[in-house]
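The annotation region 'Disordered' is assigned in TrEMBL to 1-140. Summarising the annotation, TrEMBL assigns compositional bias 'Low complexity' to 11-29, 37-52, 76-86. Taken from TrEMBL, the feature compositional bias 'Polar residues' applies to 87-97. Positions annotated as domain 'EF-hand' by TrEMBL: 209-244.
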Amino acid sequence: MAYNRAFNPDALPAHAEPEQAAQALSQLEANRKALRPSPNQAPSNPNAQQPPLAGGRRPSPAGIPQNSYRPPPVQINPQQHPINNQYYGDSQFSRLQSPPPTSYGYASRPPIDPANARRTSHETNQYPSRTPAPQDPDTVDLQPLFRAANASGTGSLTTTELGSALVNADFTPFDGRTISSLMRMFTNSPPNQYLGPTITYQEFENLWRFLAAWRALFEKFDEDRSGRISLAEFSKALTAFGYRLSPPFVNILYHTFNDRSPIQNQGMSFDLFVQSCISLKRMTDVFKKYDDDRDGYVTMSFEEFLTEILRLRD
């Protein structure tokens, strides 16, 4: 079988289509309200320190809290997630020489220690890049950020304007292809507009919460708290997500995206981590369409292959 019984494509933040993202975010909102303690209930961690708020700076979901709680490194059970250490015989990796992984879809989300539980991914802590955000993203007033980025004054952000609103914790901008991918996921605007696709304020809010959910995952696997994901951390993340991929392929996938970074040899930034996971999920979904018996192999015509490649292009 190519999939675990626990296969669950919704275990991670939705990222395939805007409709799926909206549905998942609605469910997160319902769960958050159900789990929110009453005003008279003492906080679960009264000694937790919140970083000071600095005025005049603006929030970004890509920033990393300097003093916020970091969950312990994810412990991978090798019996549950065995790593395929078989290397390919072809040094160019032009043809897969080993069977596809037994679980190339997402499994359930890794458990969180209840004693030190963070808020749900929908309620991720502050993300100070240009401004520390309030504790709950739902309370963030994104209007100033949205208006500052909307240089055209149209009330909707173009792809360029969206890129100006999103930065990583080290103030490096999001990769252009990541911005384009996020725009396609959340916009409902006609693609043939004069200014190209645009994103409304409500869509921008949904995108913000989407990135906050991914931030929680990014921090979980950033074991050394460097603000970047190393190759080893990336491999652990894919294993925890339910993939069983060979080390050579993980290395190729990692460097395909990490090499886009303007800062070399320091690890994968948050935006490229999100983009790599989105791309892997999209490729997995395409493969699944042809893998009717879920054995990890497909038969497709040359034109079908070319068509799917073109559809996956950023």
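The backbone N, Cα and C atoms fix where each Cβ goes, glycine too.
Per-class residue totals from DSSP over the domain 'EF-hand' (209-244), listed helix then strand then coil: 23 helix, 1 strand, 12 coil.
Across the residues of the domain 'EF-hand' (209-244), the predicted structure has a mean pLDDT of 94.
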